[in-house]
């Protein structure tokens, strides 16, 4: 992620037509959206998925279908009961785990977050929840489902030798069997993994920033109190909580690099000539940590202005290729975070700082899962009702 800043605002890693250009300036990202199409074929069912399909009539039709049937404002309102009930159920499960555990026994919050987000997505798509900690018998497909998503996100960010040597006879060579792994993975729900990763990073940031966590609790107690649970309609009044989430997305966005885009014609971006056929990858991670734009860019500062008027802030991208699931992602993250902060006191085992090491993949996973000690801070009937 740091390489583009060491070389230049934009750099070509490999020769065209397989060239990669990583724009690191906000103005370049603004220009970027006018000339590009997405190309990866193996993971995207030969470009059949709307996230990978090149711009054109098919892409417009499939994106329209996804937005209207799943992600429009009307549909999201219809699915509200799914989001709320799954967050309710997950909070109850977390409460029971805290009650049954020993006082010094930590809860792995990472798997809890993954289970919650996956259940929300699967219920929206198939009407079924796959994961239930309270059930003695787990769905036999649940573990495979979870592993498939994780493996997809990992191999999507893998390095392929044919990208470095994009000429015959090297393109057919599958050193390490990585291409074979890619071909056998089904893209089920990429958004499920990014959603859980984002919430995990957010909790990690707050565990390492107790003053911010305390201020978020004070805001919730002042606006909602402790006699009822936070509802979606309350989130608009939780200004500081929203600021925490937006700033966390600046530091740990759903994907450190935008999906590959293909220049459909010769163009110029930020003074650099981009030949037709060049693949472009906006370096969002670098944009969000550019010291020319952000003061103390590596630190979490909830009061920071992230309005992004010049595209310097774009965790969900911008323009035609922006993430259509932005609203759903924010709705889930805001309500889940508010319920967690309202419902529990959090601490780390031995009061140790959470390891913030970043893992590998098309998303930005943590290397180590987050373990916490939890203590309920509300009346028991609010959890069990």
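Just so you know, glycine gets a Cβ as well, placed from its N, Cα and C.
Note that the structure is a prediction, hence the values are computed from the model and not measured.
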Range annotated as region 'Disordered' - as stated in TrEMBL, picked from 1-20, 21-40: 1-20
For residue 323 (heme binding site): DSSP state (helix, strand, coil): coil
